[in-house]
Amino acid sequence: EHLAIEVLETSHQISRDSWFQVGFVLTTGVNSAYVLGYSGTIMVPLGWIGGVVGLIVATAISLYANSLVAKLHQYGEVRHIRYRDLAGFIYGKKAYSLTWALQYANLFMINVGFVILAGSSLKAVYVLFRDDGEMKLPYFIAMAGFVCIVFAVSVPHLSALGVWLAFSTVFSLIYIVTGIVLAIKDGIRSPPRDYSIPGTSVDRIFTTIGASANLVFAFNTGMLPEIQATVRQPVVENMMRALYFQFSAGVLPMYAITFIGYWAYGSKVSSYLLNNVGGPIWLKAAANIAAFLQTVIALHIFASPTYEYLDTKYGIRGSAMALRNLSFRVAVRGGYLVITTFISALLPFLGDFMSLTGAVSTFPLTFILANHMYLVAKGRKMKSWQKNWHWFNVCFFGVVALAAAAAALRLIAVDSSNYHVFADL
């Protein structure tokens, strides 16, 4: 059946990048400005034991699941440069369409979160110097959206990020190191903190389930085949090197700021750590500006599959500065980001988006689909215990995904009753 699926040749560059550059693409996603929220969205609902164990376990199972997808990149002697191409090759047309829908919903919600983050970072800078309440969060989200459009038009494809990945790393280090240093300073001077898990018993059940979705959201892109398409031959070996880099050196900064932020402020830590820290205004402003700039780069990574699809569908090839190509990016990418920015300003509930994204798309794409695809592709060569292991993963993560989706929807309903649209959070 997979022979009936039309797989388009891409307009973007593939097989160009070193495993080291791809490793930094992956690490940029892990250490995006989202890390400034993990103390509040992961550690507070789970506490010390649940948070530490949960992050370590999530790291291990995410590396395992991503390695399964990476090893299927050349399955059937065909290179699958898109997630939906791989699913379609293994299952057929229906799975092709379903995977496409799940992935693009996943990436869209991640991008909505990035625009909210970028706007929140800009607002935090404004509040440091002029806390008069005149400028609201939706205004800053609109500004962030405009900058994202300019960047999207300027960088034609994922491989073209090049030096921007180095800037992204520097920006990440600025806000992570600043957050860590200022949090340690506050933690040393503060009285004993309250580390108890807040809420009633029922609330704790739902927040714990929601935090599990945030755990897997923290480590997974939902676009691994698209990233792997950019790596040089041998693609599987080089991608595994990039994944080992991501899940070793790449996760250490995220661990550090998550644990230290929770240690310093306990259950009162916010979902944006830089709002908690004390210190020189100029230093906090620099950290927030770095978070804003890194978010613009990270959003471009997660929007690149959408851009690739549109460019390929409409035959955008050749020089990136050709008038037709440039005007196409302005109109189409600009339109996509205008919609993303509008949704971000309309419903600026960052934690809710993280939970819902993890539940409805990251769990199915990264764990359920990865294990089942590997089972279908390699099942004849597996021993019975190996088959049982993959089936267990499919069933277990299926149940967790349903529970996490219910918890995320409940959280959205609660927040929707507490906040109005275009809220100034």
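The backbone N, Cα and C atoms fix where each Cβ goes, glycine too.
Annotation comment: TrEMBL describes 16-406 as domain 'Amino acid transporter transmembrane'.
The list of residues near the transmembrane segment (18-37) in space but at least 6 beyond its ends in sequence, with Cβ under 8 angstroms from a Cβ of it, reads 113-114, 117-118, 121, 158, 161-162, 165-166, 168-169, 172, 175-176, 179, 217-219, 221, 227-228, 230-232, 238-239, 241-243, 245-246, 249-251, 253-254, 257-258, 261, 271-274, 291-292, 294-295, 297-298, 301-302, 350-351, 354. What TrEMBL records for 18-37 (among others) is transmembrane segment.
Sequence-distant neighbours of the transmembrane segment (44-65) (same chain, 6+ residues past either end, Cβ-Cβ under 8 Å): 195-198, 204, 207-208, 210-212, 215-216, 218-220, 243-244, 247, 251, 255, 258-259, 262, 267, 269, 366-367, 370-371. Residues annotated as transmembrane segment in TrEMBL: 44-65 (among others).
Outside the transmembrane segment (104-125) by six or more residues, the chain places 32-34, 36, 135, 137-138, 140-145, 147-148, 222-223, 272, 274-275, 284-285, 288-289, 291-292, 295-296, 298-299, 302-303, 305-306, 337, 340-341, 343-345, 348, 350, 353-354, 356-357, 360-362, 365, 425 with a CB less than 8 A from a CB of the stretch. Among the features that TrEMBL reports, transmembrane segment is placed at 104-125 (among others).
If you look up TrEMBL, you'll see 137-155 (among others) marked as transmembrane segment.
Within the same chain, residues 21, 24-25, 27-28, 31-33, 35-36, 155, 253, 256-257, 260-261, 263-265, 273-274, 276-279, 283-284, 286-288, 290-291, 293-294, 297-298, 300-301 sit at least 6 positions outside the transmembrane segment (161-184) and bring their C-beta atoms closer than 8 Å to a C-beta of that stretch. Positions annotated as transmembrane segment by TrEMBL: 161-184 (among others).
Under the heading transmembrane segment, TrEMBL lists 242-265 (among others).
Taken from TrEMBL, the feature transmembrane segment applies to 285-310 (among others).
For 330-350 (among others), the entry in TrEMBL reads transmembrane segment.
According to TrEMBL, the feature transmembrane segment maps to 356-377 (among others).
Here TrEMBL flags 389-413 (among others) as transmembrane segment.
For the transmembrane segment (330-350), same-chain residues at least 6 beyond its ends with a Cβ under 8 Å from one of its own Cβ atoms are 37, 108, 111-113, 115-117, 119-120, 137-138, 141-142, 144-145, 148-149, 152-153, 271-272, 303, 306-307, 310, 314, 412, 415, 419, 421-423, 425. Remote same-chain residues near the transmembrane segment (242-265) are listed as 19-20, 22-23, 25-27, 30-31, 35-36, 38-40, 42-44, 48, 51-52, 55, 59, 62-63, 66-67, 70, 172-173, 176, 179-180, 183-184, 186-187, 190, 193, 195, 218-219, 231, 273, 276 (criterion: CB distance under 8 Å, separation of at least six residues from the stretch ends). With a cut-off of 8 Å between Cβ atoms, the residues of this chain six or more beyond the transmembrane segment (356-377) that come close are 61-62, 65-66, 68-69, 71-72, 75, 83, 86-87, 90-91, 99, 102-103, 105-106, 109-110, 113, 210, 212-217, 220, 222, 387, 390-391, 393-394, 397-398, 400-401, 404-405, 407-409, 412.
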